[in-house]
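Enquirer: Quick one: structure below, then a few questions.
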Amino acid sequence: MNLNRWLFSTNHKDIGTLYLIFGAWAGMIGTALSLLIRTELNQPGNLLGSDQTYNVIVTAHAFVMIFFMVMPVMIGGFGNWLVPLMIGAPDMAFPRLNNMSFWLLPPSLLLMLASSAIEAGAGTGWTVYPPLASNLAHAGASVDLAIFSLHLAGASSILGAINFITTVINMKTPNMSFLDMPLFVWSVLITAILLLLSLPVLAAGITMLLTDRNLNTTFFDPSGGGDPILYQHLFWFFGHPEVYILILPGFGIISHIVAYYSTKKEPFGYIGMVWAMTSIGFLGFIVWAHHMFTVGMNVNTRAYFTSATMIIAIPTGVKVFNWLATIHGGLIKWEAPMLWAFGFIFLFTVGGLTGIVLANSSLDIVLHDTYYVVAHFHYVLSMGAVFAIMAGFTHWFTLFTGYPLHSTWTKIHFTTMFIGVNLTFFPQHFLGLAGMPRRYSDYPDAYTLWNSISSMGSMISLTAVVMMTFIIWEAMSSKRSTTTTEQMSTNVEWTYLCPPPNHTHVEATHLIRP
């Protein structure tokens, strides 16, 4: 294996593969951290020995899963691999920038892990709120390293976003209009626009935090005329679009899979799906303060953010019903990717419903910073984003490698994972309603039952993660041959061979409508 091929690659397929491998490793680190959290919370009493250590693990778990697992896999992995193939482009618009976007991530991950390893670690939560993140409450270099890590990961994402936007706008095959693009390409385009608009705001916020910590500025320090609430506004103006960045590519993946395994040529309501994603992207920018209902906003502001947040349920509902309409009347092929897609639709909807509950500012005053919120966002992330990743991975693995995954093992894996994540996160709704707060390593005895059930679920999920590594090994070592792909006319990525040649196009492409 040529080292130069992987270090200096300008090939979208190789870089996509690097992203997928990196994301898989980061996912295992993130899973290990989550198991430490659940082991600590299995029973009352201390296991890790200090709340600071516990919060360092929680913070690292969040950052690793968001910035080094979900984003690299969905946007970097699936995006790089599939977008050029789906629009008939020979590669990405800026191939070397593409390589740099990837290679900014390993140093970023290293800095993030270093921030946990030195001093007492960055135990701030993934929101990094001052004054807890100030140089008084967090002396030492931990938070500074975490900030630098975020700068690198953010730079990587911004460069990647520029690359995707340019590629999609300029490199489509000549007679392909925007409304001819597959939904996954649309989802990546909208995600890239969200990244480009939101990440600079995060960069500004954490840079001000960095200067507050090291250069005696007082952006977030009331004693010098600053305001810690300003940081919250800056963070969540990034943070809310970020959660849509995490789920939008998943919407695109699920749209493809649902159509494919229902034996349909295309998803139901294509234009509606495009507008729904666009609306979600737009609305995602004007609801950020629903994360801040407890900081003391006046009633008009709370009424606006409650209403605006609930409006997002409309385009989301459009998407869910369009997926169901796509399945309706189709000849369903019950293969693993379709099981993941069904799981996604059901569990993402459950997560969305708890989101509607939390959108009510009056209810959120009570539920804010309880396990109800943890349950909500893990339903949309651990069972939304991750299920979409698994659906995409089991569907396109053959395209990426040329080898099909084992049909039975992948279904067993889905079942194990489905039971594991639901057992982990469903009880957390009850804990939240009973008032158990987030980010504490210990709790009163009354919460023991649901916590121990939740921790048991996390062990089942671990079994599923281990099973996944076995399934990949089994496929790579068995080297089964591939069968022909159906619906070739509307699933362009399969038209090139499995796996496709290193350089897809030797001449200009042309779109022929079926």
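Cβ coordinates come from backbone N, Cα and C, glycine included.
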Enquirer: Among S407, S441, S452, S454, which residue shares the Na(+) site with E40, G45 according to Swiss-Prot?
Expert: S441
Enquirer: Need one residue: from H233, H240, H376, the one Swiss-Prot lists with H290, H291 for Cu cation.
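Expert: Swiss-Prot lists H290, H291 binding Cu cation, and from H233, H240, H376 it also lists H240.
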Enquirer: Are M92 and P182 on one side of the membrane according to Swiss-Prot?
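Expert: Membrane side for M92 and P182, as annotated in Swiss-Prot: identical.
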Enquirer: Apart from H240, H290, H291, which residues in this chain have a Cβ no more than 8 Å from the mean position of the Cβ atoms of those residues at the Cu cation site?
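Expert: Everything else in range on the chain: W236, G239, V287, W288, A289, M292, F305, T309.
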Enquirer: Tell me which residues of the chain lie with their Cβ under 8 angstroms from that of Y244 (O2 binding site), as long as they are six or more apart in sequence?
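Expert: Counting only residues 6 or more apart in sequence, the Cβ neighbours of Y244 (O2 binding site) under 8 Å are T191, L194, I280, G281, G284.
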Enquirer: Check for me, if you would, whether the transmembrane segment (299-327) reaches the transmembrane segment (51-86) - at least 3 Cβ pairs under 8 Å, residues 6 or more apart in sequence.
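Expert: No, the stretches stay apart by this measure.
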Enquirer: Which state, by DSSP, holds G45 (Na(+) binding site): helix, strand or coil?
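Expert: The three-state answer is coil.
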Enquirer: Establish whether the number of Cβ pairs under 8 Å between the transmembrane segment (447-478) and the transmembrane segment (12-40) reaches at least three, counting only pairs separated by 6 or more residues.
Expert: yes
Enquirer: Taking the transmembrane segment (371-400) as reference, which of 95-117, 183-212, 228-261, 407-433 has the most Cβ pairs under 8 angstroms?
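Expert: Going through each listed stretch, the top one turns out to be 407-433.
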Enquirer: Using DSSP, how many residues of the topological domain 'Mitochondrial matrix' (262-269) fall into helix, strand and coil, respectively?
Expert: 0 helix, 0 strand, 8 coil
Enquirer: Which entry in the list of binding-site residues, H61, H240, has its Cβ near the fewest other Cβ atoms, using 10 Å as the limit?
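Expert: With the binding-site residues H61, H240, fewest surrounding Cβ atoms within 10 Å: H61.
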